[in-house]
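**Q** Sharing a structure with you now.
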């Protein structure tokens with residue numbers, strides 16, 4: 001079976017369905033936020049301290065949403081030694097729309113052509129930053145349904161987050177995440193434990209279909225995010241209380257019952273405030289909190305406040321950020337590596353946080369832990385759910401493989417190229433001017449891309465996009481791999497500087513039979 005568990009573990013439906021493998025891609029260039037503060041003429045620390053951001057990754061005109069997703073999918077397949085015929089569902093979550101009809105998923109299907117596998121369900125899913133989570137839920141539901149044919153589901157979340165010149169621009173970023181979903185996963189979904197809240201609001205939206213830039217109501221966006229967090233946490237707690245009561249337990253659920261928490265991260269400071277917000281919820285819902293000792297010490301003055309009146313209450317925010325400081329250090333801070341160093345990736349954001357958390361732990365440190373995951377998308381849609389990490393952290397286990405696959409995250413971040421804020425601004429202007437042009441050949445450098453990166457070679461007179469892949473090997477004298485197209489131009493990049501090589505696959509893929517299905521096993 002997919003994952004690390006034996007086939008005897010299976011019940012009437014696949015057991016421990018969840019994330020088996022995870023791959024993350026971010027651009028090879030970034031701008032320093034402290035330098036961006038100087039260019040923008042704002043006070044020192046406005047972006048680095050006020051937002052909690054250090055660096056922001058960005059794409060030149062050589063990369064678009066299709067190329068990001070092609071790159072991350074092929075990397076996941078190669079690094080895990082997977083064959084394309086082992087995938088039965090592929091779904092993409094994105095809000096970066098370059099075509100109002102053709103899906104990103106259909107572009108990715110070009111990677112499947114040599115395998116002959118066209119029997120792949122799924123399509124694109126869109127709602128701001130929530131699309132990746134909706135795609136992930138659909139994949140899990142497929143594996144647990146009567147439609148499952150024994151193969152993996154593959155979920156891709158990718159976006160390019162760019163803003164017009166102004167106060168929102170430093171909250172941008174770019175990247176993509178690919179997740180392999182199946183049974184006996186090292187990160188298993190806890191069945192029945194999802195708290196969801198959906199509501200109508202114009203906090204962030206993109207009405208201009210000719211522009212990459214959103215319309216943002218910053219204050220309303222924060223209010224929607226925090227109110228959704230309150231509602232989702234309340235629903236989640238009610239559901240887990242009901243489960244515990246059926247099992248004969250009357251214990252109260254609190255933040256202490258999460259081993260770790262990861263959040264959708266528009267910027268790092270909001271995540272820290274969000275953890276404090278959950279502590280506020282624990283405090284207000286507790287029938288008799290101890291304000292003399294423990295985490296609620298000195299908070300008695302806030303006992304009668306109403307949560308909906310505190311979204312911008314600095315006294316409440318400061319008090320509960322201080323009270324939750326230790327929890328933040330142990331449960332959440334490690335998850336902000338990618339967010340701090342690369343910025344907001346929109347749909348992949350929360351899964352970049354999950355990858356960051358795993359990358360900085362050993363398998364034994366996270367084994368058996370419950371990881372809370374809060375996903376938010378403007379408009380707005382949100383869910384708080386939990387993953388249970390397998391207890392098996394032995395060498396060669398699914399968890400050991402997952403942790404090992406992400407262990408190079410810091411090295412990859414450090415290998416990127418820093419560019420000046422002026423060059424960054426020039427790239428943003430170029431994207432703005434050429435975003436929807438036909439008969440366009442990108443001007444960005446291929447040589448600066450990571451090895452193995454797919455990139456845009458041209459847009460023809462009918463807006464059809466063609467791509468090539470930069471060779472994986474450090475010796476880049478060979479021609480790049482081209483997406484099949486009778487009109488694809490020949491393009492051979494010159495030799496370039498060395499970048500980190502993608503580690504070779506350490507897994508093998510086999511299949512076996514289960515209840516009449518051919519199922520795949522790493």
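A Cβ is built for glycine as well, from the same backbone N, Cα and C atoms used for every other residue.
TrEMBL does not curate its annotations; it predicts them automatically.
Pasting the feature list from TrEMBL:
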- 95: active site, proton donor/acceptor (ACT_SITE)
- 129: active site, acyl-thioester intermediate (ACT_SITE)
- 264: active site, proton donor/acceptor (ACT_SITE)
- 221, 269, 273: CoA binding site (BINDING)
- 13-186: domain 'Hydroxymethylglutaryl-coenzyme A synthase N-terminal' (DOMAIN)
- 188-470: domain 'Hydroxymethylglutaryl-coenzyme A synthase C-terminal' (DOMAIN)
**Q** Let me know how many other Cβ atoms fall within 10 Å of the Cβ of residue 129 (active site, acyl-thioester intermediate).
**A** 32
**Q** How many Å separate the Cα atoms of residue 221 (CoA binding site) and residue 95 (active site, proton donor/acceptor)?
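**A** Rounded to a whole number, the Cα-Cα distance is 17 Å.
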**Q** If I take every residue in the domain 'Hydroxymethylglutaryl-coenzyme A synthase N-terminal' (13-186) and average their pLDDT values, what number comes out?
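**A** That region's mean pLDDT is 96.
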**Q** Using C-alpha atoms only, work out the spacing between residue 269 (CoA binding site) and residue 129 (active site, acyl-thioester intermediate) and round it to an integer in Å.
**A** 18
**Q** Just name the winner among 264, 269, 273 (the recorded positions) by count of other CB atoms within 10 A of its CB.
**A** 264
**Q** Residues with Cβ closer than 8 Å to the Cβ of residue 95 (active site, proton donor/acceptor), same chain and 6+ apart in sequence?
**A** 126, 127, 128, 129, 131, 159, 206, 346, 347, 377
**Q** In whole Å, how far is residue 264 (active site, proton donor/acceptor) from residue 273 (CoA binding site) when you measure between their Cα atoms?
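**A** Between the alpha carbons of residue 273 (CoA binding site) and residue 264 (active site, proton donor/acceptor) there are 12 Å.
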**Q** Which chain neighbours of the CoA site, leaving out 221, 269, 273, have a Cβ atom within 8 Å of the mean position of the site's Cβ atoms?
**A** 222, 225, 226, 266, 267, 270, 271, 274
**Q** Please find which two of 221, 269, 273 have the most distant C-alpha atoms, given that the record lists them as binding CoA, and give only that distance in angstrom, rounded to a whole number.
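**A** Across 221, 269, 273, the widest Cα separation comes out at 14 Å.
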**Q** Counting every protein chain present, what is the number of Cβ atoms, excluding its own, within 10 Å of the Cβ of residue 221 (CoA binding site)?
**A** 21
